[in-house]
Amino acid sequence: MKIIILGAGQVGSSVAESLVSEANEITVVDTDTRRLRHLQDHLDLRTVVGNAALPSTLQQAGAEDADLLIAVTQSDQTNLCACRTAATLFKIPTKIARLRSADYRDHPELLDQKNFAVDFNICPEQIVTDYLLKLIEFPEALQVLEFAGGLVSLVAARAVEGGLLVGHPVSDLRQHSPDLDARIAAIYRGNQAIIPKGDTRIQAGNEVFYLAATHDIRQVMSELRQRDRPTRRLMIAGGGNIGSRLTMAAEARYQVKVIEINEERARELGATLGSALVLHGDATDETLLAAENIDDMDFFLALTDDDENNIMAALLAKNLGARRVLALINRHAYADLLQADRIDIAISPAQISIGSLLAHVRQGDVAAVHSLRRGAAEALEIIVHGDAATSRVIGRRIDELELPAGASVGAIVRGLQYATPETPRSGQVIIVHRDTVIEPEDHIILFLSNKSLVNSIERYFQVGLAFF
Amino acid sequence: MITAQRIRVAAAITSKKRLLEVLAELLTSAHPQLCDAGIFERLIERERLGSTGIGHGVALPHARVAELTHEIGAFVQLREPIPFNAIDGQPVDLAFALLAPDDDSDQHVRQLAGLAMLFSDAERRTLLRRTTNPDTLLTLLTCEPPL
């Protein structure tokens, strides 16, 4: 695929990094030559210096040949203008714009083909905020990801002594709760992935991934560990873009304290937030943390834009008695080092938000992509089309599929209707069994223990030549 | 189904996207009721569900179109092969696009199978690559196999 990425900031760079491959030809556009040089030194891609909204810049970037435009500059206006230009002058088939301001998204008609011609819009800060909210809601989870418009969830959690299923084979799940349908997609012992069979035993300390209808995920969790007490008190370090969004979304349901180092920003936040308490200070200052009763906190989230500060603040908070700590870490290498050691959850914001972009780059009708285990594994939602003659999967039973080792189908959502302003989303969630038969238009949710399997899986689920 | 006017020879095209655009223009040239932006979109949409690159440098992009009463085709011979994500990973330099009416008949599937058969002949592919005369190409594309 030929892809043009506008903006070489945090989002643009990580998108470029994850899309660079033999199959993709990538051009990154930015006004900052230093940033572009840095990217070019690391990755095999082309760069163009210039104003991303100008026709001449887009032309120079190869817009006439491009399959996909990803407009992720800091400016909503530049992104919108670039999409319109790309549609009118260059007919780029798929255009994605980053829109930070909710204003535009409140008027979807502005984004349609007659106007700004944005096929998909994303707001990375909002995606990260939603992800963090899920973790607040499920204190036992390491990751909670949604598929099929939210009907199905994939949950990662560490098995802890005391969970009903810990020390028992996976197949016991059905005996404990005959009415509960869930599928254990993978078990990690250290970095070793195990695609479980019925007799695979879950051990304490294992990282378990399971799929279930979203309304069942709490009940499945209790099989893996005793329920933690629900989250009530939060402390957030950093009142920036993500910190303030999260506080606004959480302050009605939780007691929230925000620590912001910039005095002016702290005052501004204090004026706009409701019940949350804004403190001016340094989150790596142990006296401040102790004075604010860090040992009473159910969850401490370090969300500043500085990796080192986030790591230090989270370590300190854990040490001072916070029940659970999370650090946002932009550098993958750091995140890999830290998770499961002394920081409960270390996540890179790019990794969280990139899935929504990846879905559009993939071959076939891929509705969602979530990267797991910090990028090593992946979960996919693929919509199948055609019939028994034009598809290799439709009309076949799950146990008749020829899937490579390390790939498994966990769930199907049938007859999915996404929510509209008039109607709620609807669809039938099927946790698959050996004899489940795939039907046309099913949403298939797959777990891949290794992302190198992605290509062959996508090909396998595509329609054949005869599909019209 | 195809005329010499809908055949482009030695086209300098550098991407799959441009190739589909050119095919859409050729297909709509004789049918004022079709809009090339719409046809382009349909071809792109179909490619997204699975590449129509059938191997040996050949692609057969296709789509259904409600406005048509019979199949129409267009053919492009490329100067240089381009990446097409084909089944055998080979780049494509011969592309035959087929539009079919949106009806229940399986006529279009038979047409497509016929085309796939025609292009499976290595000798014919060689001739299709060498010939620069549209009328000769038309004969090569329409005479029933074997040659």
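Quick reminder: no glycine exception, Cβ is built from N, Cα and C everywhere.
Automatic, uncurated: that is what TrEMBL annotation is.
Remember, it's a predicted structure, so these values are computed and weren't measured experimentally.
Per TrEMBL, the feature domain 'RCK N-terminal' maps to A:1-122, A:231-347. According to TrEMBL, the domain 'RCK C-terminal' annotation covers A:142-226, A:367-466.
Over the domain 'RCK C-terminal' (A:142-226) the predicted model carries a mean pLDDT of 90. The domain 'RCK C-terminal' (A:367-466): residue composition by secondary structure is 17 helix, 40 strand, 43 coil, according to DSSP. According to DSSP, the domain 'RCK N-terminal' (A:231-347) comprises 49 helix, 28 strand, 40 coil.
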